[in-house]
Amino acid sequence: MNTQILILATSAFLCVRADKICLGHHAASNGTKVDTLTEKGIEVVNATETVEQKNIPKICSKGKQTIDLGQCGLLGTIIGPPQCDQFLEFSANLIIERREGNDICYPGKFDDEETLRQILRKSGGIKKENMGFTYTGVRTNGETSACRRSRSSFYAEMKWLLSNTDNGVFPQMTKSYKNTKREPALIIWGIHHSGSTAEQTRLYGSGNKLITVWSSKYQQSFAPNPGPRPQINGQSGRIDFYWLMLDPNDTVNFSFNGAFIAPDRASFLRGKSLGIQSDAQLDNNCEGECYHIGGTIISNLPFQNINSRAIGKCPRYVKQKSLMLATGMKNVPENSTHKQLTHHMRKKRGLFGAIAGFIENGWEGLIDGWYGYRHQNAQGEGTAADYKSTQSAINQITGKLNRLIEKTNQQFELIDNEFNEIEKQIGNVINWTRDSIIEIWSYNAEFLVAVENQHTIDLTDSEMNKLYEKVRRQLRENAEEDGNGCFEIFHQCDNDCMASIRNNTYDHKKYRKEAIQNRIQIDAVKLSSGYKDVILWFSFGASCFLFLAITMGLAFICIKNGNMRCTICI
């Protein structure tokens, strides 16, 4: 009877499940992958796209003082062809140039056109001041059918000076203008190249013509070059425009004896603006700070893959269409194989048997925190998130996107338009430089994101380690690590006890005596799997030896007492 009681008690003891607490992290079967410095395609719980690909096909002008130049070219606002009459003076912080816009009416070109265009794009608008030039002995009303209003006319801001009579003498003249303003003045003038020598003589008289312009920082002489050219707008002549920025209190002087297109008013820049070239429709219902020829880029991302020539407060252009920034930890979802393994192991080791490493594996459904606990005890099983470690990781990860933006965003200016023959070389250099910058920034972007991803994954693993160490230091000798991110507790630990472990208020001294007793009992019956077979064979051999000894002893006694006779025949 006593033997039966002992066997039942031992069986009952072995069947009791040990209380256990495990640590893990959130997992989600989402397929979100990022690249790090050392590995590509690492799946993470959360990630944010850093490359903008969405374009608004409109010019978002809400909240901006916008001017749409329409048929007027930006440079035309300085010299005043008929199509620019309404834009001779304006104020704006967003200037829109259209493809149909034209800077001139009489054929010609601007010297250093792109520099002048950049100045005007950033000008904030134009205001003008009369230069006060008066003329005697010449006509100031030169006009052409190429610049028609109701009839033949000329540039509104320029004077075409002609001899008083056809073939008449053009007197030598000198005119001066002093800039009395506090800001630089934009001064522009023209040189007329007649369609023939005969035409030049008719307009300005015979002899060589020379125009000289000088200031404290500028000096240049110009000689007209008459001759036949292909007709444009019915004209075989050309007018080339030149310009300078005149400092405050400086004086510009003009000396000429014909073929001179004189300025009438000096231009002053109003402030700051953004100039764009686009045929996209204006939209006053949306706001934007980054523009390109196809519309507006509205994004708070650090990179964009829409247009390499976007201007304004824009994300950096990169060649990559996607660069994912990790904002969560490494993800190991509970796939079907994992769940089948979990079910199989639960039969042997309970709820937590499937966990093969608390950093490498996660739990789906832990949505209220990144890190958490699972426990089992006499009251059942439970899961709880750890908010402190979660918040610590989030605080360090939050702002990664903003830091990338700070490293990459800046105001871009558009250096792009038509170049004359000499400026084409400059244009090629600009384009080559731009392409090189794109290559560099595409590499930099990939590197920056990879560095941040590496840091994020290392950081989240580090927080997991901290949480694990916190639990281990609390439990001390009252529990044993099982190597799978779990602790087997050697005393009864109810839900309040489990909560104290999670809250870092666990008192290991309170349970020490019970834990030591249970540890001794458990250690006494624990057998390492490597010695089980040896012990079994030893036990079997000892049993056989004992059985043989008893049998031989009984036989010897029986023979001695005459109860058994042994006959040996030879």
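Any Cβ shown, glycine's included, is placed from N, Cα and C.
The disulfide bond annotation in Swiss-Prot covers CYS60-CYS286 (among others). DSSP assigns CYS286 (disulfide bond) to coil, not to a helix or a strand.
Residues or ranges marked as disulfide bond by Swiss-Prot on the basis of sequence analysis: CYS72-CYS84 (among others). Sequence-distant neighbours of CYS84 (disulfide bond) (same chain, six or more apart, CB under 8 Å from its CB) are LEU69, CYS72, GLY73, GLY76, THR77, ALA156, listed in sequence order.
Over all protein chains present, the Cβ of CYS105 (disulfide bond) has 25 other Cβ atoms lying within 10 Å. Feature annotation from Swiss-Prot assigns disulfide bond to CYS105-CYS147 (among others).
Here Swiss-Prot flags CYS290-CYS314 (among others) as disulfide bond. Reduced to three states, the DSSP call for CYS314 (disulfide bond) is strand. Take the CB of CYS314 (disulfide bond) and look out to 10 A: across all protein chains shown you find 24 other CB atoms.
DSSP gives CYS493 (disulfide bond) a coil state; it is part of no helix or strand. The C-beta environment of CYS493 (disulfide bond), restricted to residues of the same chain at least 6 apart in sequence and closer than 8 Å, consists of ASP19, ILE21, HIS375, ASN377, ILE501, TYR511. Swiss-Prot lists CYS493-CYS497 (among others) with the feature disulfide bond.
DSSP gives ASN30 (N-linked glycosylation site) a coil state; it is part of no helix or strand. Residues or ranges marked as N-linked glycosylation site in Swiss-Prot (evidence: sequence analysis): ASN30 (among others).
According to Swiss-Prot, the N-linked glycosylation site annotation covers ASN46 (among others). The Cβ of ASN46 (N-linked glycosylation site) lies under 8 Å from the Cβ of THR32, ALA326, THR327, GLY328, each on the same chain and at least six residues away in sequence.
What Swiss-Prot lists as N-linked glycosylation site is ASN249 (among others), and the listing cites sequence analysis. Other C-beta atoms found within 10 angstroms of the C-beta of ASN249 (N-linked glycosylation site) number 11, with every protein chain shown included.
ASN253 (N-linked glycosylation site) carries a strand DSSP state (E or B). Sequence annotations record features per position, and here Swiss-Prot assigns N-linked glycosylation site to ASN253 (among others) based on sequence analysis.
Residues or ranges marked as N-linked glycosylation site in Swiss-Prot: ASN335 (among others).
Residues or ranges marked as N-linked glycosylation site by Swiss-Prot: ASN431 (among others).
Marked as N-linked glycosylation site by Swiss-Prot: ASN503 (among others). Under the three-state DSSP scheme, ASN503 (N-linked glycosylation site) falls in the coil class. The number of other CB atoms found within 10 A of the CB of ASN503 (N-linked glycosylation site), across every protein chain shown, is 11.
The S-palmitoyl cysteine annotation in Swiss-Prot covers CYS566 (among others) and is backed by sequence analysis.
Taken from Swiss-Prot, the feature S-palmitoyl cysteine applies to CYS569 (among others).
Per Swiss-Prot, the feature signal peptide maps to 1-18.
Sequence annotations record features per position, and here Swiss-Prot assigns topological domain 'Extracellular' to 19-533 based on sequence analysis.
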Which of these recorded positions is closest to CYS105 (disulfide bond) if you go by CA atoms: ASN253, CYS314, CYS497? ASN253
Which Cβ among the disulfide-bonded residues (CYS60, CYS72, CYS147, CYS286, CYS497) has the fewest C-beta neighbours inside 10 Å? CYS286
Nearest to ASN249 (N-linked glycosylation site) in three-dimensional space, by Cα, is which of the recorded positions ASN30, CYS147, CYS286, CYS290, ASN503? CYS147
Taking Cα atoms as reference points, which of the recorded positions CYS60, CYS147, CYS286, CYS290, ASN503 is nearest to ASN253 (N-linked glycosylation site)? CYS147
What is the one among the recorded positions ASN30, ASN253, CYS290 whose Cβ has the most other Cβ atoms less than or equal to 10 Å away? CYS290
Considering only the recorded positions ASN30, CYS147, CYS290, CYS497, ASN503, which fall within 10 Å of CYS60 (disulfide bond) when distances are taken between Cα atoms? CYS290
CYS60 (disulfide bond) falls, by three-state DSSP, under strand
